[in-house]
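Chemist: In case it's useful when we look at the structure, here is the feature table from TrEMBL:
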DOMAIN    8-123  domain 'Response regulatory'
DOMAIN    135-206  domain 'PAS'
DOMAIN    211-263  domain 'PAC'
DOMAIN    260-297  domain 'PAS'
DOMAIN    398-610  domain 'Histidine kinase'
MOD_RES   56  4-aspartylphosphate
Ligand code: ADP
């Protein structure tokens with residue numbers, strides 16, 4: 001039927017009067033299309049697809065039977081009912097008509113009522129048929145455009161129907177699939193029994209069909225694709241189960257994506273850095289636990305669906321828009337520092353990197369407020385250190401210039417007075433002044449020297465022989481040696497090239513003068529240099545009281561003087577500390593041990609050989 005309201009009837013007769021008559025009978029209910037020979041009739045049939053054809057049999061050229069056969073042999077027109085209108089009523093003629101697949105017969109002269117009845121009932125059949133076809137086509141369309149694959153199996157698991165999507169997934173043509181056993185041809189061995197259970201369950205309608213299950217299929221190029229299936233029994237009109245209808249969705253890509261996402265999500269979840277995925281509108285699509293935690297949220301879900309600017313103050317948002325975003329758009333990434341805003345509105349420094357992803361971006365955030373805090377503490381400390389160093393420098397200057405000068409003046413006058421004064425009592429008092437001022441000057445000098453050495457972190461070295469340096473020190477200490485009648489036993493007589501700075505002579509001076517100071521009159525001080533591989537070990541031994549083990553380390557510390565010795569001998573208590581610092585700056589070692597060849601101590605220092 002066409003869109004015209006009335007059904008259309010093609011009336012074919014070579015006698016125009018007959019056409020006119022039938023037209024008169026039918027025109028009230030139908031639109032009549034006239035044709036006056038077989039050819040004209042066929043033209044109209046194929047062009048207009050009328051709803052019914054009334055066909056005269058006896059026509060010249062091609063008769064009604066032939067026209068009818070042509071109509072019935074075309075797929076397009078085969079369902080158009082054809083009524084043969086004939087004057088012939090013999091059995092042979094009827095058989096011929098049936099042979100040509102005519103749907104009905106009318107005998108001339110045509111009875112008006114009979115004509116109307118026949119046409120009406122044929123038209124009803126045609127309409128029903130058209131509806132069936134339309135529904136079938138529609139169903140087929142649905143099947144074909146469906147994103148799911150559809151398979152109908154008969155009771156022996158053979159495929160009786162498959163839609164386009166099914167063929168696409170399997171990679172076969174329809175003829176290669178229809179009639180084939182689904183289980184044997186398209187399901188991998190490992191999943192066959194499982195799929196068969198679903199088939200049997202559906203066939204027996206025992207509840208299956210209500211759940212989805214995953215099972216792979218094998219495609220034409222031997223690839224396995226994972227399909228999410230749903231199956232239900234297929235019944236005929238009488239309700240008898242005649243097979244199983246499977247519908248399946250190809251979830252191979254989804255499966256792989258899920259796997260990937262799971263791996264990535266796992267890595268992202270485990271990260272200590274905050275990670276988030278934002279869409280093109282800046283909405284959080286994914287947020288890991290660390291990201292939520294960094295911003296003070298208990299659960300990532302609190303942030304998903306929210307816009308990014310929730311987590312930043314307006315000043316940061318405008319900074320982002322004005323400077324960061326343009327750069328990000330140009331390069332597809334950005335890295336730097338921002339100030340984030342926590343859920344409780346407190347702020348924190350963060351290191352953030354943004355990378356373009358899909359249409360949005362991935363952001364990785366690290367809370368660096370702790371680092372910033374430590375940095376600022378370090379800065380403060382450095383500043384304090386600097387000012388304390390400045391203070392120390394100031395004291396060193398005061399020591400050297402402001403104290404040493406007046407002390408020197410006092411020393412000068414006390415020496416002068418000592419020379420001039422004859423009165424013993426007064427001389428004794430002047431001598432006390434002189435001794436103490438001498439000690440004061442020594443202390444100031446060594447304190448200034450120590451402060452200077454403390455500040456130094458590097459010395460310049462050159463290759464020098466230690467032998468002459470030691471001899472020189474001994475020469476300078478001659479007066480002290482003879483004052484206490486101490487013999488110096490110099491055992492080092494070779495050459496001892498070492499990587500040293502002239503300051504090293506201070507160490508030897510200290511060791512030897514201490515040995516004299518703390519050694520008894522008339523004793524022997526031994527000087528020796530030993531080869532200990534990469535280094536020279538310079539050792540000064542005396543025959544004094546020795547140093548108890550518990551004090552052996554302490555005496556190298558600043559102002560550490562041993563209690564009993566305090567009164568007997570004078571000293572600043574800084575000499576060994578200075579020596580230690582000088583040796584440290586040389587990268588060498590320093591220490592004291594008991595004098596192995598008898599009473600007393602052996603002080604030693606090591607320096608690198610040249
Ligand atoms: P000072 O000799 O000016 O007091 P030192 O730093 O040179 O300062 O020595 C620290 C202390 O170590 C001395 O006061 C003394 O008690 C002890 N000491 C140093 N050398 C010897 C030594 N050869 N024998 C015994 N005691 C020593």
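Here the Cβ of each residue, glycine as well, is placed from N, Cα and C on the backbone.
Annotations in TrEMBL come from automatic prediction, not curation.
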Chemist: Count the other Cβ atoms sitting within 10 Å of the Cβ of residue 56 (4-aspartylphosphate), across every protein chain shown.
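Modeler: By my count, 26.
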Chemist: Find the average pLDDT over the domain 'PAC' (211-263) in the predicted model and report it.
Modeler: 84
Chemist: Quick one: what's DSSP say for the residue listed as '4-aspartylphosphate', helix, strand or coil?
Modeler: strand
Chemist: Which numbers of helix, strand and coil residues does DSSP report for the domain 'PAS' (260-297)?
Modeler: 17 helix, 10 strand, 11 coil
